[in-house]
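Asker: My questions will all concern the structure given below.
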Amino acid sequence: MEKFLHFHLLISILVVLGNANSLSPLNSTYIMQTRKRFMSIDPTKLPDPPMPSYTFTVHHRDVFEKSKFKDYDSLLENRFARCYARASYLASVLESQDGETTPQLVPKSTDIFYGSGEYVASFLIGSQMTKNYLLLDTGSDLIWWQCGPCEANKCYKQDQPLYDSTVSKTFRIIGCNHHGNKCRIVNPAYYCNLENFQCRYDMHYGDNSQTKGFIADDVITFLVGHWSSRVTFGCSKDQTGELNFTSFASGIVGLGRDLTDGYSLPSQFGGNLMSMCLPSFDSGKGSVLSFQTSKWPRAKSAELLFNYRYPSFYFVNIYKVFINDREVPVSPSWWNFNGPMMNGGMFVDTGTSYTAFPHDFYTVFRYIFREEVNDIPMAEIPVQPFDTCYKEDPNGRDLYFPVVKLYFGSVNSSTMLFLAQQRVVVHYRGLYCLAFVGWNSERSVLGMAQLQGVGLTFDTVASTLSFDIDACD
């Protein structure tokens, strides 16, 4: 009877949490086998099934870049560098007075493009249906891709065929009168060329790279039903600092919040729903990005908060953080926006690998996590960039680490994002390291390591972000 009650209690807990897979143990042998399979994937043979309207195939970027590295740990080092560069860029934007980039805050030593992003989607562009991979970025509001014919030596080499606007029969240049306010007033990156009345842009990034071109539109095609949609995009002719761009992707899809007359994809597709599944980092499986539909009815929910300083960002109403059943002791009001700079809060960013907390909060978070690890020896010397690492078991036994619970708005099961195992720790160079970091900002970023395999639905009318754990894997 006692065993039955324990089993019944465990099943009840799993039902509340929503998915038993979150409680699977960590085993270094299994992890290494999974990574070995991942490293053997041929990216030219990835399935890319026909998609219905407003739906795109999504892959993690490492599927395309892994051939550059000798092993998975080397691949991880590159991911850490991307995360650092992205965090430096975001900090420079968030802490500046005018919301613009301050390049000196981004390390000069890094050759990682800030807008790299962690996920790509495949697009069929123009009348020729040229297939290109574009990086997904919830932190920007422009869609752009390399647009031939390029200025001499100004386009970087890309793996996919270069889109050529002179060949596409559906290509159109958009003049200043079409988006006059955007070109002249709203954003200094856009301006009207008075010689030909093209709406031009000049985007500068924190790593000294930039892209320049003009606003145009063309069609993207969805093979199911042979349906197409016209989208406004940046026809990029000049990529200065091209060594900082990555060859497997030809541009960026801005997924910033739906804004009136905006250039982001949600703004253009209208409606209020954007759903995405984010494949696990070591999975070669494709997943989906969809608009105007919600796919995961079992999802937990957070409120989307509007920050007038950064209207494109997806801020959420983080309320409390627990490690196992221990609360990180800060008042819920600590997370609120404050001051004219709208400091504080947490936002979701597809370009950030690992969740970042302000240093003061992270120090307490880390301390509690260490206290909650019971029977796993801590490494005396952690591996960079982490500060809390544990030794893998020499006998290969399964290991369980503390779980992290993020609550949004209140403490109950319907507002809880439950994080366990590889959403909490990362296996790197024979150690398990806490997959959260501290950074020099008063804001927090919810990163993709914590959301890998999670189904996300952004509803800007209801102002909610829904999470469905393990919906994608």
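Using N, Cα and C of the backbone, Cβ positions are placed for all residues, glycine too.
What TrEMBL says about a protein is an automatic prediction, not a curated fact.
The feature active site is assigned by TrEMBL to D137, D349. The annotation domain 'Peptidase A1' is assigned in TrEMBL to 119-468. Per TrEMBL, the feature signal peptide maps to 1-20.
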Asker: Could you give the Cα-Cα distance between D349 (active site) and D137 (active site), in whole Å?
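Answerer: Approximately 7 Å lies between the Cα of D349 (active site) and that of D137 (active site).
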Asker: Enter the number of other CB atoms within 10 angstroms of the CB of D349 (active site).
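Answerer: Result for D349 (active site): 24 neighbouring Cβ atoms inside 10 Å.
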Asker: Please classify the secondary structure at D349 (active site) using three-state DSSP.
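Answerer: It is coil.
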Asker: Provide the number of Cβ atoms within 10 Å of the Cβ of D137 (active site), excluding the reference atom itself.
Answerer: 26
Asker: Give the three-state DSSP assignment (helix, strand or coil) for D137 (active site).
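Answerer: DSSP call for D137 (active site): strand.
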